[in-house]
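Asks: Got a structure for you, questions after.
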């Protein structure tokens, strides 16, 4: 049986077509994500000494951490997701996303490696950042910078390898802009802003300590 992915010559023996529609896949993901963000926002309101920015960062780190672990983790540890006769929700999600980047359904080694590092290391580290912000831990900004740099590095590898391998992994311009560019862009500009903020906070702390020592 054929498949809907690009390039057309991609070999996917045993491919089982999607059983859920795009809306049936995206609605639960977006709805669950909003619930996570809302829950963290409400819980963070009970934490003392947090600014609105801190609370928003907690929401982001919870969302991205769970996305890395739950969504990307299922891709990493489910090599035959496109062949399952009775696929689960996550199998369907990755078959849908592969319309924007067929390297996922093809189990491209570079993509798999990036996602494995993201799921195993950056996911738990993101959740740790939620706790660090809420608890005013001294390592909070160092942790956030570290995870942000990991996410940015992963995005660079993701986009550069796509370009080097032919840049022809989407079925239409819609999936290119909505999935390949749009869905991934959040992990470019948000980590960039967070890293810049944390860098400034760390520098300000060192300047304050330097002033104290000179007095």
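Quick reminder: no glycine exception, Cβ is built from N, Cα and C everywhere.
As the structure is a computational prediction, the values presented were derived from the model and not from experiment.
What TrEMBL records for 53-195 is domain 'EXPERA'. Per TrEMBL, the feature transmembrane segment maps to 25-44, 56-82, 116-134, 141-164, 176-196.
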Asks: So which residues does the transmembrane segment (56-82) touch in its own chain, when a touch means Cβ under 8 Å and the partner is 6 or more beyond its ends?
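Replies: Sequence-distant neighbours of the transmembrane segment (56-82): 12, 14-16, 29, 33, 36-37, 40-41, 44, 50, 90-91, 93-95, 98, 104-105, 107, 112, 115-116, 118-120, 122-127, 129-130, 133-134, 144, 147, 151, 187, 190, 194.
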Asks: Can you name the far-off residues of the same chain, 6+ from the ends of the transmembrane segment (176-196), with a Cβ under 8 Å from a Cβ of it?
Replies: 57, 60, 64, 97, 99-101, 144-145, 147-149, 151-152, 154-155, 158-159, 162, 169-170
